[in-house]
Each structure stands twice: as C-alpha cells, then as structure tokens.
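Taken verbatim from TrEMBL:
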| type | residues | note |
| --- | --- | --- |
| DOMAIN | 27-351 | domain 'Aminotransferase class I/classII large' |
| MOD_RES | K218 | N6-(pyridoxal phosphate)lysine |
Amino acid sequence: MTQITPQPGIMEIALYQGGQSNIEGVTDVVKLSSNENPFGTSELAKEAFARARHELHRYPPTDHASLRAAIAEVHKLDAGRIICGAGSDEVLQFVTQAYAGVGDEIIYTEHGFSMYPILAHMVGAVPVRVPERERTVDVDAILNACTDKTKIVFIANPANPTGTMIGGNEVARLATGLPKGCILVHDGAYTEYVEGFDGGAGLVESCDNVLMTRTFSKIHGLGGLRIGWGYGPKDMIDVMNRIRQPFNLSVAQLATAEAAIRDTEFVERCRSENTRLRAWLAEALAELGIPSDTSTANFILARFASEQEATDCDTFLKKEGIIVRRVGGYGLPNCLRITVGDEASCRRVVYAVKQFKGVAP
Ligand SMILES: Cc1ncc(COP(=O)(O)O)c(C=O)c1O
C-alpha cells in the first residue's frame, strides 16, 4: 500500500463535467450545452489577440494594471479592488483557498454551480448544500444553515443552471445577516445578460464581506481563453493576490480581455439579441407544454413532465445534431438546460422538440 496520500477532501471531488461538444457520426452539430456566446467574440478582441502574437516572448505584467484599469473604467469601479484570474473559476479558487480550510463549512444552494462543492473539498472544507425555494436561492434557508464554522457562502445570481435571480434587497439581507467573518461570494458569471444590473458591485461598496466575481467566458465570448475577475474589499483582494501566481494571465489573455471589455457595443448587441431570442425560445417551448422559470441568463431550464421525457428528448435532440445539457447532477433530472443560441439554432431546437412531441408540420 502506498504511503502517499492526498490532502483531506481531495478524493471526495467528483470531476467537473463540461458540456458535451461532439456527437459521433454527426457533422452539423449545434452546441447549446455550455452557455457560450453564439455570436462569437468581438472583432476588436480578436484583433488584439492577433496583435499579442508579437509579444509572446515577453513575460506578462504581474499586476494586470492595464486590464484592471479598463474594467474599472467601463464598470466605474476602483481598479485597486479588482483581481484577475484564469476564468472566474480561478478567482473562486483564490477566495476558497485564502479563507477556508479543513473542518470549515462552505454553503452553496441546492441547484448551485457544481464548482462550489469541488472547491470546498479542494481545501478540506465541508460543502453544505442548502435547499432552494422553487429553484431559487432561499436567503432564510442559507442564514439558518450558518454555523460558527461557515466561512464562505456561494451564490450565483443569475444562477446556473436555473437561470433564476434574487433581488438586490435579498442579497443585501443575506450579506448583512451572515455570521461575522463569513464571506458572501456573489458569482456574477451571467450579470451582463441582465439589463442595468451591477452584478453586486454596489453591495461590495457597502459591505466588507462581499466578493463579486465576473467572467469573460459568457457575453464576451472568451470561454476558450480563460479570463475572469473579482471585485471586493481592498484587504480581501490583497490577501488573494498573495496566493495568485504572478503570471497567471498570459499576454494574449490580458490584451484580448482589455479589448473585449472596451467593446461595449458588442456586449450591448449580444445582450439584446439574447433577451429577444430567450423570450422567443421560452415561449415556443411553453406552447409545447415545456415550461421554464423566467430566465435572466443566456440559457433556459426546460422542465419536462418526467425524467424519462427529458432523457428521451435529449436523445432525440442528439440524433438531430443538437447538444443541450442534462442537469440530473444538479438535482434536476426532469430538466434540460438549453443555451440561447442564434436565431437559426433556436429555431432548430424548437423544430426538433416539435418533432419529438409529434406536432411538427
Ligand atoms: C455560475 C458560474 N460561475 C462561474 C463559472 C465559471 O466561469 P469561467 O471560469 O469560465 O469564468 C461558470 C461557468 O459556467 C458559471 O456558470
């Protein structure tokens, strides 16, 4: 028997399941399983990426000053309180590693993003799963679940995979009701899809225990490049910077992200198209007897009558070259999460579901 053992919690981690991207034997595939931007990436960002090839022999700056300044300018934030990571996943990892350890508790909610329990196990903490109310974060349930061991509460708002959201007053009630020393991580991966929403930035200004995380992977269409950021109290950012590797973002990531965040026209266009197509998709599916909660993100959670029906529909869609996301692992076995694609993809999904239901013309 080997004497080499991993740290506590590591063997409890179930590997993260990414969205499927291929179907064997099918060439014309529509991938609607990873909440990617169907409109791709801003042309200005692509140009910046291409220009970065001339700098590949240089180490990147360690302080991300130029990217942080751009984020601060666009979102009217304090650049000194921004931290950047390889995807927002890395920022979530920073806060977990910095503030939780063996024996501590980390709260996430019933259908919460699957990285949260993985991160808890990574540091030997206990992931505590708290019920939601009708697929929506329940602030009272979270507050009731807090103990003196609770170090972090993770909520995504809008949430993945439900697409639901809680209002600013509820988030503030949560932040201020947490035990002393407990951090609220307000994960804003889908913030930009909500018109006029600050993603929790205002709460960061008024509370000293809130960290907001954001990503370039969704509306900015840069999931393949891995860039995210966080905004929090200065002392929390200072702590996290101590465990951040100095060169965690490459010259290509930094340059591309900076151009992407400055291309506000592209973001606006993607947001408004998503809003229009999301409403159309949700309504078309509802007319077929498949309801969904009002989504505030770039996907909808389609609810089928049974797990069997969801499985059968998924199988049928795959045969038609359409990949959506099974969410049984999120405690939603009768649901399929469908990313809002471009118009052609949305129409293709609805037509295929009509065929599945036997009502296609
Ligand atoms: C709620 C939520 N948080 C965080 C992430 C991580 O995003 P990234 O690491 O690509 O920034 C995702 C990605 O799917 C997500 O859905």
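Heads up, the Cβ atoms here are built off N, Cα and C, so glycines get one too.
Note that TrEMBL annotation is computational and uncurated.
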For this session: Measure the Cβ-based neighbour count of K218 (N6-(pyridoxal phosphate)lysine), defined as the other Cβ atoms within 10 Å of its Cβ.
Result: 27
For this session: Reduce the DSSP letter at K218 (N6-(pyridoxal phosphate)lysine) to three states and note it down.
Result: coil
Seminar exercise, completed: Restricted to the domain 'Aminotransferase class I/classII large' (27-351), the mean pLDDT of the model is 97
